[in-house]
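A.B. asks: What Swiss-Prot records for this protein is below:
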type	residues	note
BINDING	Ser93, Asn109, Val110, Arg111, Gly259, Gly260, Arg261	substrate binding site
BINDING	His97, His107, His146, His176	divalent metal cation binding site
ACT_SITE	His107	active site, proton donor
SITE	His176	site 'Important for dimerization'
REGION	241-276	region 'Important for dimerization'
Amino acid sequence: MSTRTEAVKAYLLDLQDRICTALEQEDGNAHFVEDAWTRPAGGGGRTRVVENGAVIEKGGVNFSHVFGSNLPPSASAHRPELAGRGFEALGVSLVIHPHSPHVPTSHANVRFFIAEKEGEEPVWWFGGGFDLTPYYGVEEDCVHWHRVAERACAPFGDDVYPRYKAWCDSYFHLKHRDEPRGIGGLFFDDVNQWDFDTSFAFIRAIGDAFINAYLPIVRRRKAAAYTVQQREFQEFRRGRYVEFNLVYDRGTLFGLQSGGRTESILMSLPPQVRWGYDWKAAPGSEEARLTDYFLTDRDWLADN
């Protein structure tokens, strides 16, 4: 393992620890259970899952470090010149599904790839981001989420947040329904436009920002009462989350194609979900407001 890879791995393991601790403290009744695993083809990881906490219905914070002799198709599709190279991939990925429909689902990921071939220079890049999926949107929460994202990006250039915000909006879009999965945040891949130290600093800034972005929202909304109807709407919207993760998500596809651990890969799926045939929210309802007002292409910081 190279010095660079060792530094990234140490950071990711520490990030996993810090996020789990912060989520446990905010929940008050949750405890992550760790499941260490090995990958027969090379590598392994530690999956941490929580279920039936006071706030978190189901959540997972995964670390993985896998390697192999050939990049999977999902990793080389956009860079065909790397096909056939050996690879190492390290990352932390998390999804939090709260009980309450007033607390948004959150997702975050930071990852590092390095592709190597004998006699050639290694090719490395970082990827990741974080995004928010509310069920009953609150403008204050959306602005806060994007403000934290903007501040994390600011030291690396004025164009970084707008570029990766737009990429997030484009990526987390259900093409077959022509609708966003949530209100976005940041998404980026193939980050190596800076030198390694700057790129690594950027990834650390994004990883470290997640707790500051998410926990204040959880704290504000976790005690709000909700109805059976609101819970059913949450489960209906969770169906969109499942559709995206199984059809489009690069991390899911990479994990399955690289022979990753299925239980860890599918940990992102919510525990309860529903689909209703051609269901539509009543015009003017809070449920309709989600799609009419929040799940739109918006600049959340323009007037705030």
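Yeah, the Cβs are placed from backbone N, Cα and C, and that goes for glycine too.
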A.B. asks: Tell me which residues of the chain lie with their Cβ under 8 angstroms from that of Arg111 (substrate binding site), as long as they are six or more apart in sequence?
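C.D. replies: Within the chain, Arg111 (substrate binding site) has Cβ neighbours under 8 Å at Ala89, Leu90, Gly91, Val92, Ser93, Phe126, Gly127, Gly128, Gly251.
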A.B. asks: Pick the one among the binding-site residues His97, His107, His146, His176, Arg261 whose Cβ has the fewest other Cβ atoms within 10 Å in this structure.
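C.D. replies: Counting other Cβ atoms within 10 Å of each of the binding-site residues His97, His107, His146, His176, Arg261 gives the minimum at His176.
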A.B. asks: By DSSP assignment, list the helix, strand and coil residue numbers for the region 'Important for dimerization' (241-276), in that order.
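C.D. replies: Residue counts in helix, strand and coil order: 22 helix, 0 strand, 14 coil.
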A.B. asks: Counting only other Cβ atoms and using a 10 Å cut-off, which of the binding-site residues Gly259, Gly260 scores lowest?
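C.D. replies: Among the binding-site residues Gly259, Gly260, the sparsest Cβ neighbourhood within 10 Å belongs to Gly259.
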A.B. asks: Would you mind reading off the Cα separation of Gly259 (substrate binding site) from His107 (divalent metal cation binding site), to the nearest angstrom?
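C.D. replies: Rounded to a whole number, the Cα-Cα distance is 22 Å.
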A.B. asks: Might you list, by sequence position, any residue in that chain lying six or more from Asn109 (substrate binding site) with a Cβ less than 8 Å away from its Cβ?
C.D. replies: Gly91, Val92, Ser93, Leu94, Gly127, Gly128, Gly129, Phe130, Gly251
A.B. asks: Which of the three DSSP states, helix, strand or coil, fits His176 (divalent metal cation binding site)?
C.D. replies: coil
A.B. asks: So, three-state DSSP: helix, strand or coil for His146 (divalent metal cation binding site)?
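C.D. replies: Helix, per DSSP.
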A.B. asks: With the substrate site defined by the record as Ser93, Asn109, Val110, Arg111, Gly259, Gly260, Arg261, how many Å span the farthest pair of C-alpha atoms?
C.D. replies: 20
A.B. asks: Spatially, and counting Cα to Cα, which of the binding-site residues is closest to Gly260 (substrate binding site)? Options: His97, His146, His176.
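C.D. replies: Among His97, His146, His176, His97.
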A.B. asks: Within 10 Å of the Cβ of Val110 (substrate binding site), how many other Cβ atoms can be counted across all chains shown?
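C.D. replies: Here the count is 27.
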